[in-house]
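Take a look at the structure set out below.
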Amino acid sequence: MSDLDRAIAQLRACRPIPEAQVRELCHKARELLIEEGNVVTVTAPVTICGDIHGQFHDLMELFRVGGDVPDTNYLFMGDFVDRGFYSLESFLLLLCLKVRYPDRMTLIRGNHESRQITTVYGFYDECLRKYGSANVWRYCCEVFDYLALGAIVLGASTSLGESKGLRPENLSSTQQDDEGIEIELLNHTGGVIDRFPRGQARNGARSSPSTKSSSSPAAKTGPPDPAPGPQARSTARRSNVRSPLVRPRRDRRLGPLPARAGFLFGADIVKVFNHANDLSMIARAHQLVMEGFKEMFDNSIVTVWSAPNYCYRCGNIAAILELSEDSSGESMLARSNGDVNRSDGGVMKGNDKVLLAGPARRYRVFQAAPQDSRGMPAKKPVADYFL
Amino acid sequence: MSAPQIPNLLASRGGPRSRGGRGRGRGGGSTHAQNRKDLDVQATDTDAAVSRLSAVSLGYFNDPSATYFVNGAGTRRLPIINRGTYTRTTALDILINAFLSESNDTPPQKRQIISLGAGTDTRYFRLRATNKHRNLIYHEFDFPSVSTTKSRIVASNESLSKGDGNATLFVEPKKPTESDSDPDPEWGFRDLREGESETIYCCHPLDLRRLPYAPSMKELNSFHGIQSDIPTLLISECCLCYLETDNARDVVKWFADRIPSLGIVLYEPIGVDSPFGQTMVANLAARNITMPTVKVYKNLRDQKDRLSEVGFTDSDGGQGGETIERIWDQWVSPEEKERVDSLEGLDEVEEWQVMARHYAVVWGWRGSGWDSWKELL
């Protein structure tokens with residue numbers, strides 16, 4: 001057993017590893033990450049996960065539901081730390097897995113992976129409490145600086161493969177009114193409680209599914225970083241995209257966010273962005289959705305939220321998004337980073353509004369880990385309220 | 001979260017004084033469990049005091065006395081909690097200032113505030129600091145142990161005990177009763193008003209649950225300084241929600257039966273059937289805290305109906321109610337929102353909305369002296 005495997009085992013038991021080992025791990029991670037681009041390419045099949053926020057036991061739940069590393073290829077969209085009690089263990093475990101299985105684990109940077117935010121929302125305090133100094137916090141922050149900002153998923157299938165879970169008997173195949181989207185409700189051992197095609201979903205987005213068409217070369221995840229698409233007809237210029245935040249908005253304008261944390265984008269911007277970058281769909285995180293995931297703007301964007309009962313207080317459920325591999329091989333396209341065929345910076349022409357259908361997607365919806373698995377005394381106050 | 005839990009200071013200070021459930025009217029094996037539970041409820045006051053100091057230190061609102069009621073330097077709360085503390089305080093400020101502004105009439109009409117389960121609340125001292133207490137008599141009710149702790153803090157702090165001109169601290173022993181042979185004294189401030197010495201602030205050590213049923217407390221004048229003939233505002237900031245529903249109603253009725261011109265402000269959680277609400281109930285249960293009334297009054301409509309049932313009816317007065325979410329949206333001006341937002345930056349709008357939707361401020365009134373409240377609607 002290597003040191004790394006030992007560290008993984010220790011962190012899986014929710015026990016922090018010694019400071020010297022953290023230092024070494026972060027050093028290795030930086031060496032690895034420096035070779036990766038700001039926008040990394042990931043090949044389907046892949047399971048996309050949203051916010052974790054230090055909810056270690058729920059991260060274990062996520063692995064039970066989504067499969068273990070390296071069996072499952074994971075893409076985490078950031079916000080590993082802050083808010084929960086176990087930011088340190090959660091982030092270090094993910095980082096260990098990244099170093100141990102670099103090709104099966106992609107971590108991108110969330111807005112909480114920053115020095116400033118972590119001093120307000122808990123990670124800094126947690127490091128100080130667990131190590132008595134800010135060194136570990138400093139090592140982790142240095143890793144944050146090297147994390148990718150976005151990822152592009154290639155080769156996702158337009159139809160769902162066979163699920164790993166068991167098919168409930170009460171669901172006949174004729175009920176599958178949309179074979180491209182499926183939602184599975186899972187119990188805490190990862191068994192399927194219920195599964196239904198998208199048309200019957202009571203949770204989640206209310207918009208109608210539209211994924212019947214064929215070519216879906218890519219689903220983009222993470223912040224809408226303006227990387228050129230594979231057959232880029234046009235490319236959004238970097239200055240056009242100011243913020244990783246896309247918030248739901250019925251009207252079509254855009255404007256500053258109330259808290260001045262970025263810009264508010266509506267449906268039109270998302271569609272123009274997808275079109276310009278030849279993307280079929282954006283997956284993003286960092287906005288609480290009580291139902292675990294929410295597709296919006298004619299399925300051009302989805303929010304994935306993977307922290308069940310957020311802050312041990314919100315009572316929400318969580319989801320992960322599985323994209324399966326396209327076995328036909330047709331959707332595997334080489335991506336060009338060159339300037340070939342760049343056009344007008346993403347301004348959409350009137351007759352140009354052809355949207356790519358999203359990839360087939362399976363949402364696995366899960367609840368918070370049961371209290372007894374948390375190893376916390378039941379009487380310990382878990383969340384603040386206004387009292 | 002980031003904040004390590006604050007030990008329950010009031011419980012440890014008040015513990016030795018509780019002398020076997022004295023005067024609680026409960027006997028046998030349940031006494032110990034009940035005392036334990038009472039201490040857990042009293043500990044919510046520590047929560048509130050720490051939250052208040054956190055918001056004040058960060059500049060959300062002004063309260064020079066907040067620091068005196070927290071042991072040590074306090075703990076910084078998360079931005080969402082600070083905004084909640086700010087919004088709740090602002091809501092109460094608006095209602096109370098409207099109530100007090102009526103005393104601009106000539107001659108000035110004297111007014112009275114009775115704060116239930118006030119704990120170490122600093123509202124009286126905030127009013128005093130802004131000179132809004134001139135025509136006001138302020139009463140507080142809370143458990144004897146809480147009241148005693150507060151009196152100790154006030155007596156030992158010069159800016160609290162001597163910060164108001166010639167007003168002087170008093171301690172007024174209570175007569176023993178059948179159920180309580182050694183009652184804790186009432187205490188407060190006296191001042192010279194119009195040549196006469198008058199009680200202007202008074203704390204009444206009492207387990208409020210007993211109020212409607214104890215034979216020794218049939219009359220309003222069993223409490224020092226409470227007047228029946230002036231407009232009076234009852235305040236319950238997360239107090240009555242810890243009482244059994246009938247008990248809470250009887251407490252309000254006790255005052256309503258004795259004071260003709262009466263208003264009330266309640267601040268409590270609502271919406272306990274939602275996933276957030278159910279999680280809240282479960283989390284608080286883990287702290288041994290139950291809130292019977294929130295299971296009965298589940299939304300603003302229920303809360304307003306509750307007030308009209310105890311006499312705050314449309315024929316003689318009215319009721320109003322808003323969620324904390326709406327109060328932040330509607331009552332706080334855009335400039336003020338920008339100021340508050342710039343203090344910390346609240347990054348989680350959705351979490352705020354879901355949390356703020358689960359707290360409400362409800363108010364009702366009847367009789368004369370409430371014109372400024374009618375304009376609020």
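Yeah, the Cβs are placed from backbone N, Cα and C, and that goes for glycine too.
B:Leu208 (S-adenosyl-L-methionine binding site) carries a helical DSSP state (H, G or I). Annotation source TrEMBL lists S-adenosyl-L-methionine binding site at B:Arg88, B:Gly117, B:Asp207, B:Leu208, B:Glu237.
The region 'Disordered' feature in TrEMBL is assigned to B:1-42 (among others).
Using a Cβ-Cβ cut-off under 8 Å and counting only residues 6 or more beyond its ends in the same chain, the region 'Disordered' (B:164-189) has close neighbours at 22-23, 25, 128, 133, 144, 147-148, 151, 154-155, 199-205, 210, 214-216, 223-225. Look at TrEMBL and you will find B:164-189 (among others) tagged as region 'Disordered'.
Same-chain residues at least 6 positions away in sequence with a Cβ under 8 Å from that of B:Leu208 (S-adenosyl-L-methionine binding site) are, in sequence order, B:Leu116, B:Gly117, B:Phe141, B:Asp142, B:Cys239, B:Leu243, B:Val251. Between the binding-site residues B:Asp207, B:Glu237, the minimum number of other C-beta atoms within 10 Å of a residue's C-beta occurs at B:Asp207.
The subset of binding-site residues B:Arg88, B:Gly117, B:Asp207, B:Leu208, B:Glu237 lying near chain A, with Cβ atoms under 8 Å apart, consists of B:Arg88. Secondary structure counts, DSSP: the region 'Disordered' (B:164-189) has 0 helix, 9 strand, 17 coil. In the three-state DSSP scheme, B:Arg88 (S-adenosyl-L-methionine binding site) is classed as helix. Counting only same-chain residues six or more apart in sequence, the Cβ atoms lying under 8 angstroms from the Cβ of B:Arg88 (S-adenosyl-L-methionine binding site) belong to B:Glu237, B:Tyr267, B:Ile324, B:Tyr359, B:Val361. A simple way to gauge crowding: the CB of B:Gly117 (S-adenosyl-L-methionine binding site) has 25 other CB atoms within 10 angstroms, across all the protein chains here.
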